[in-house]
Structure formats: C-alpha cells, structure tokens
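Below: the structure, in structure tokens.
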Amino acid sequence: MKISFIGAGSIAEAMIAGLIEKNICNRENICITNRNNKLKMTELEEKFGISTTYDMNELIHNADMVIFAVKPKDANEALDKIRPYISENTFFVSVMAGISIEFITDKLKTNCAIARAMPNTSASVGKSATAITFNPFASNRQKEMALSIFSAIGITEEVEERQMDAITALSGSGPAYFYYMVEAMERAAEQFGLEKDTSNKLIIQTLLGAAEMLSVSGKKAADLRQEVTSPGGTTEAGISVLQQTEMQEAFVACIQAAYEQSKQLGIMYESKIT
Ligand SMILES: NC(=O)C1=CN([C@@H]2O[C@H](COP(=O)(O)OP(=O)(O)OC[C@H]3O[C@@H](n4cnc5c(N)ncnc54)[C@H](O)[C@@H]3O)[C@@H](O)[C@H]2O)C=CC1
Ligand SMILES: O=C(O)[C@@H]1CCC=N1
C-alpha cells in the first residue's frame with residue numbers, strides 16, 4: 001500500500017510515526033511533501049526512512065490514499081496546486097479542521113473518493129481518537145482501507161459530516177486540554193518544591209490510570225470522581241475550589257469556542273473559492 005501526505009506538520013508526522021510503528025506499509029511507500037521546507041523533508045527522510053518529493057505527479061499518481069494535511073488557510077492554494085494531478089481514481093483524505101467535503105469537491109473538480117477525517121496527535125503512539133466520514137464516491141475497498149489505517153493508529157468512529165466541527169473541538173483539539181491541565185499540575189508540584197522527575201511520573205501515571213478506569217470500569221466519570229472524594233477529605237477541598245471558579249463551565253465554554261472556530265475556519269477559508 002502507498003500512502004502520500006500533502007503537508008508535513010504536526011499531524012502528518014504523528015500519523016507517520018504511528019503507521020511506521022504498526023508496520024502498516026513499507027517506509028519507502030510513505031511519501032510526503034510540504035510547501036518548500038527542504039530541511040524538514042530531509043529531517044523526515046532521516047527520522048522515518050520515508051520518501052519525499054516536490055513532484056506532485058509522483059506523489060499522487062500511484063498513491064492508494066492521499067492524506068491532505070495543510071492548514072485550512074492554505075487549503076485553497078494547495079488544492080489548486082494538486083488539482084491537475086487528481087483523477088477519479090484518487091482517494092483523497094482530508095484531515096483539515098472546518099473544511100467541508102463539498103468545498104474540496106468543488107476545488108478538485110472531479111468525482112474522486114473523498115474522506116474527511118479528524119484524528120489527533122496521539123496517533124503518534126497509536127492512541128488517536130479519529131472520526132471519519134466519506135463522500136458517495138468512496139468504494140467499500142477505499143472505506144475499509146481508510147478505516148484500517150486510522151484504526152492502526154488508534155480508534156476510529158464513522159460519523160456524519162455535520163458532526164465534524166463538534167468532534168474537532170472535542171477530540172481533535174482534546175489532547176491539548178489535558179496537556180494544559182497537566183501544565184497546571186506541574187506548576188503546583190513545583191510550588192510544593194517536589195522533585196520534577198518524580199512529580200512528572202506521578203502526574204502522568206495518574207492521568208493514564210484515570211483514563212484506564214474510564215475505559216474499563218464501566219462507571220461514569222461522575223461516579224469515579226465520587227469514589228475519590230471522601231467527605232471532609234482532600235479531594236473535596238480541591239474540587240470545591242474548581243466549583244467556585246466554575247471550572248466545568250469554563251471547560252464547556254472552551255470546547256464551544258473550539259467548535260465555533262472550526263465552523264469559522266470553514267466560513268473564512270472556503271469563501272476564497274476560485
Ligand atoms: N495538529 C493537530 O493536532 C491536528 C491538526 N489537524 C489538521 O491538520 C492540518 C495540518 O495541521 P498541522 O499538522 O498542525 O499543521 P502544520 O502547520 O504543522 O503543517 C502544515 C503543513 O502543510 C504544508 N503546506 C502548507 N501549504 C502547502 C502547500 N501549498 N503545498 C504543500 N504543503 C503545504 C506546510 O509546509 C506544513 O508542512 C490542519 O488543517 C489541521 O486542522 C487535524 C487534527 C489534529
Ligand atoms: O487547532 C487546530 O486547529 C487543529 C485542529 C484540531 C487540532 N488542531
């Protein structure tokens with residue numbers, strides 16, 4: 001299987017790391033391009049043993065799947081650049097936030113198979129939470145291929161496209177919310193004068209353990225929280241501060257803002273259609 005990437009940034013690199021770790025295809029059958037950063041191309045060749053090219057025909061022509069991972073602001077220009085090389089046989093997988101299949105179809109001017117997916121950077125360690133949706137031209141074989149590739153680097157849920165902005169806000173951006181929370185825990189540990197290595201290990205294991213409990217216990221988050229919270233104890237004292245500061249409301253507002261921004265990216269960058 002040959003997989004090509006257009007865009008060589010955070011998400012492409014995370015996916016490539018995961019795909020290589022899971023031996024999904026030979027390294028040299030993964031090919032990538034970026035706008036013009038040759039240094040980055042060399043770095044990726046050396047790091048992963050993958051192929052790089054600025055020849056769009058070479059990149060797209062023989063690929064079983066073309067993963068499009070440029071920023072929404074660059075979508076218009078990059079789609080214009082690749083249009084001449086896209087045929088009805090191309091399987092095009094966009095991971096861009098906010099950009100619709102309809103826009104991509106209009107830009108590519110061909111009835112090729114298109115998937116819109118939203119992975120996250122945990123793909124790098126095989127733990128992405130990916131949502132995916134397909135246009136009607138995607139064959140069963142292409143759908144199975146995409147599902148197997150994304151499932152190799154995490155879990156995959158097939159969804160309707162209208163859910164994508166919400167999912168982008170929830171699980172596309174999601175890892176960053178947890179990293180932000182960990183930054184706060186690191187600050188607290190530092191203020192206590194705890195040794196950094198030790199506190200980091202404890203924080204990470206606490207996060208992993210909580211995630212595992214949510215995944216396997218079958219219990220709701222609220223019930224698991226209750227089990228940690230002894231009446232008159234430490235957790236209760238801590239959580240009451242989060243409640244006073246309306247932390248849950250802030251978190252909901254955070255995800256709402258990300259959702260609005262995903263919609264906005266579509267409005268902003270799809271309007272420049274040529
Ligand atoms: N970073 C993340 O956690 C996630 C990002 N995404 C989506 O993936 C896309 C890429 O995001 P990042 O990897 O974070 O961005 P990035 O800024 O790290 O990488 C973007 C890449 O696109 C390339 N590029 C830009 N214009 C190009 C052109 N005309 N031709 C060829 N390559 C071009 C750049 O050279 C760069 O390699 C975005 O649309 C984003 O919404 C989706 C899921 C998660
Ligand atoms: O922040 C962003 O726009 C991208 C989409 C999901 C995660 N990162």
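Glycine too: its Cβ is placed from the backbone N, Cα and C atoms.
Just so you know, TrEMBL annotations are computer predictions that nobody has curated.
According to TrEMBL, the features are:
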- 2-98: domain 'Pyrroline-5-carboxylate reductase catalytic N-terminal' (DOMAIN)
- ALA69, VAL70, LYS71, PRO72: NADP(+) binding site (BINDING)
- 161-265: domain 'Pyrroline-5-carboxylate reductase dimerisation' (DOMAIN)
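Each residue in GLY7, GLY9, PHE68, LYS73, ASP74, ALA75, ALA78, VAL95, MET96 lies on the same chain as ALA69, VAL70, LYS71, PRO72 and has a C-beta within 8 Å of the C-beta centroid of that NADP(+) site, without being one of the site residues. PRO72 (NADP(+) binding site) falls within a helix when secondary structure is assigned with DSSP. Residues in the domain 'Pyrroline-5-carboxylate reductase dimerisation' (161-265) partition by DSSP class (helix H, G, I; strand E, B; coil) as 89 helix, 0 strand, 16 coil. For the domain 'Pyrroline-5-carboxylate reductase catalytic N-terminal' (2-98), the model's average pLDDT works out to 97. Counting only same-chain residues at least 6 apart in sequence, those with a Cβ under 8 Å from the Cβ of PRO72 (NADP(+) binding site) are MET96, ALA97, GLY98, ILE99, LEU265, GLY266, MET268, TYR269.
Its Cβ taken as reference, VAL70 (NADP(+) binding site) is surrounded by 25 other Cβ atoms within 10 Å in the chains shown.
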